[in-house]
């Protein structure tokens, strides 16, 4: 318990992003222990590989390692389960495919882009990741009642009319994004077009045919 609490406070001090300077005596303020216990906790975290530590005259430089990062993520998941539940989580699987190349054009339209940024909370990368769901996942999605649909209104730019669409939050292999589904009824139910603040293909090093896991989020439970 002391170790994960210490790791959490190191993260709050910024040790996930860069090394932070702190002495064992200073660290007692965050662990509610004596200086000897605080020093022992830091030594244990270092020995198990959760932190990197460099002793300097003024104290020590500490950074959280990848192992420590994963431990914190696991702890976060536990708390998320406690307070949010996971009955609305749905895992889907599919394969990356090449789209028609229209995603970049539509996302670049101000009428869509401004709504995405306002309603989804991020500015999408100009393009979509296209995923063809497995038949099993497509059936699951078809049966699922979406509780958190975010409508994007249609608009006209003076020359042509752009239809509306619906969005819902997802994570693709842990990277946040949103599925965009046009309102037109003939859109294939097994095809997902996903937008994200990052270039998903590049970030996740995906090629056509690669399988991806898509987690549908229920953000209303935790926000």
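Each residue, glycine too, has its Cβ placed from N, Cα and C.
Lifted from Swiss-Prot, the feature list:
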BINDING   99, 100, 101, 102, 103, 104, 198, 199, 200, 201  CDP binding site
BINDING   128, 130  Mg(2+) binding site
BINDING   185, 193  FMN binding site
REGION    1-89  region 'Unknown'
REGION    90-223  region 'Riboflavin kinase'
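Feature map: Swiss-Prot annotations on the structure.
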{"residue": "99", "record": "CDP binding site", "Cβ contacts under 8 Å, 6 or more apart": "128, 130, 193"}
{"residue": "198", "record": "CDP binding site", "Cβ contacts under 8 Å, 6 or more apart": "125, 175"}
{"residue": "200", "record": "CDP binding site", "Cβ contacts under 8 Å, 6 or more apart": "125, 129, 172, 175, 177, 194, 206"}
Cβ atoms near residue 130 (Mg(2+) binding site) (within 10 Å, other residues, all chains): 19
Number of other Cβ atoms within 10 Å of the Cβ of residue 128 (Mg(2+) binding site) across all protein chains: 25
Secondary structure at residue 198 (CDP binding site), reduced by DSSP to three states: coil
For residue 130 (Mg(2+) binding site): DSSP state (helix, strand, coil): strand
DSSP residue counts for the region 'Unknown' (1-89), split into helix, strand and coil: 51 helix, 15 strand, 23 coil
Other C-beta atoms that fall within 10 angstroms of the C-beta of residue 193 (FMN binding site): 21
